[in-house]
Amino acid sequence: MAPQLLLCLILTFLWSVPEAESNVFLKSKVANRFLQRTKRSNSLFEEIRPGNIERECIEEKCSKEEAREVFEDNEKTETFWNVYVDGDQCSSNPCHYHGTCKDGIGSYTCTCLPNYEGKNCEKVLFKSCRAFNGNCWHFCKRVQSETQCSCAESYRLGVDGHSCVAEGDFSCGRNIKARNKREASLPDFVQSQKATLLKKSDNPSPDIRIVNGMDSKLGECPWQAVLINEKGEVFCGGTILSPIHVLTAAHCINQTKSVSVIVGEIDISRKETRRLLSVDKIYVHTKFVPPNYYYGHQNFDRVAYDYDIAIIRMKTPIQFSENVVPACLPTADFANEVLMKQDSGIVSGFGRIRFKEPTSNTLKVITVPYVDRHTCMLSSDFRITQNMFCAGYDTLPQDACEGDSGGPHITAYGDTHFITGIVSWGEGCARKGKYGVYTKVSRFIPWIKKIMSLK
């Protein structure tokens, strides 16, 4: 009887095992609904192993104390824990103007650079003229611990203390008929290769002319002046500074017996309609260094054309209009720290459109990028003094060649245009790695103001 009873019990057990398995073991997705995974107990040997963040907190859910045991450093633990709990709040880079982000639980903290504040460092504190020019439209200077704005001549400071309001219809630096941004922007010139390449020659030639520039619109460069010799020919350019003052290059002055000036023209082919303005006096900088010998001569002066600046005083005032407006004269600090740190400037003139061809009858205009001083000096066989700077392109197959010396290099800041350079000299035409060289106007602001104040 006993063997039969034992057999029955064994058969009953074997029959019940599949049923038990189907009732106890569930799929993981279903089990997770009501089963919460708990930390497994460490084995005897695991307790004495060094802490491992992957084992403690990635493979399993850990506590902050367990994370601290791994890092053994409170700051590192806090950094890890803030991300571990709810993700990295700094992943979207919420701090503006290069502020530093520190993650928190459900929040973040921005540490701002000097002159910035706000939750995201979004507010600029204009306590320095180096930060966005102190929010000034024109000139900025530091007074005690604050910035103070001022404006160019013929403008007044706005009630907000930052803006500059024109006091007349023909305030300096305003070109009412400016080229639209698409045409005038530097990237378009570069990509379409419409811009002229300003380069230098085998010998430093003062006769730099704009080659392959775009035709200027009437009123686009209203500060442009043209110097005419006794034969009625264009020989140099200039920049209108006031009703009786025109800025030009010193080396232009000894090229002719007499000088007349034309303003407000973009086409000088019709000599019978153009109006010649008479000159009263010409002031050449006393330190100007003319070339005394031809290039290649053993005594050739490699600092020729230093102090290449002159001012023409008119007999009768220039009449301003939409097409005749002076360029604004900057302060030295504004020119050096703001204007010449822009991407590019604007050059215009009636120069030759091709090497050794006649001068252009129509005004040409180009945009040229500033070139850093180190690159400028390395590119030249001649000395680039502190009174000079370079601008132009080093690879595009356009060039400036033979001509419009004395003409304006203008830099826009907002809607106002300031004189920053005078076309001075160059080394050849279309030579790779060469640039146009300009007289640096910021070096001569006191001299210019002194000459303009003379009666």
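Heads up, the Cβ atoms here are built off N, Cα and C, so glycines get one too.
Features as listed in Swiss-Prot:
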ACT_SITE  His251  active site, charge relay system
ACT_SITE  Asp308  active site, charge relay system
ACT_SITE  Ser405  active site, charge relay system
DISULFID  Cys57-Cys62  disulfide bond
DISULFID  Cys90-Cys101  disulfide bond
DISULFID  Cys95-Cys110  disulfide bond
DISULFID  Cys112-Cys121  disulfide bond
DISULFID  Cys129-Cys140  disulfide bond
DISULFID  Cys136-Cys149  disulfide bond
DISULFID  Cys151-Cys164  disulfide bond
DISULFID  Cys236-Cys252  disulfide bond
DISULFID  Cys376-Cys390  disulfide bond
DISULFID  Cys401-Cys429  disulfide bond
DOMAIN    41-86  domain 'Gla'
DOMAIN    129-164  domain 'EGF-like 2'
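On the structure: features taken from Swiss-Prot.
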| residue | record | DSSP (3 states) |
| --- | --- | --- |
| Cys57 | disulfide bond | helix |
| Cys62 | disulfide bond | coil |
| Cys90 | disulfide bond | coil |
| Cys110 | disulfide bond | strand |
| Cys140 | disulfide bond | strand |
| Cys149 | disulfide bond | strand |
| Cys252 | disulfide bond | helix |
| Cys376 | disulfide bond | helix |
| Cys390 | disulfide bond | strand |
Of the disulfide-bonded residues Cys62, Cys112, Cys140, Cys149, which one has its Cα closest to the Cα of His251 (active site, charge relay system)?
Cys140
Nearest recorded site to Cys164 (disulfide bond) by CA-CA distance, among disulfide-bonded residues Cys57, Cys101, Cys376, Cys390:
Cys390
Can you check which residues sit near Cys136 (disulfide bond), meaning Cβ under 8 Å from its Cβ, same chain, 6 or more apart in sequence, and list them in order?
Cys129, Thr147, Cys149, Ser150, His162
Looking only at Cβ atoms, how many others are within 10 Å of the one on Cys149 (disulfide bond)?
22
Neighbouring recorded positions, C-alpha within 10 angstroms of Cys140 (disulfide bond) - of Cys57, Cys151, Cys236, Asp308:
Cys151
Just the number: how many Å between the Cα atoms of Cys112 (disulfide bond) and Cys62 (disulfide bond)?
34
Tell me which residues of the chain lie with their Cβ under 8 angstroms from that of Cys90 (disulfide bond), as long as they are six or more apart in sequence?
Cys101, Lys102, Asp103, Tyr108
In the structure shown, which of the disulfide-bonded residues Cys121, Cys140, Cys236 has the fewest other Cβ atoms within 10 Å?
Cys121
Pairwise CA distance, Ser405 (active site, charge relay system) versus Cys57 (disulfide bond), rounded so that it is a whole Å:
73
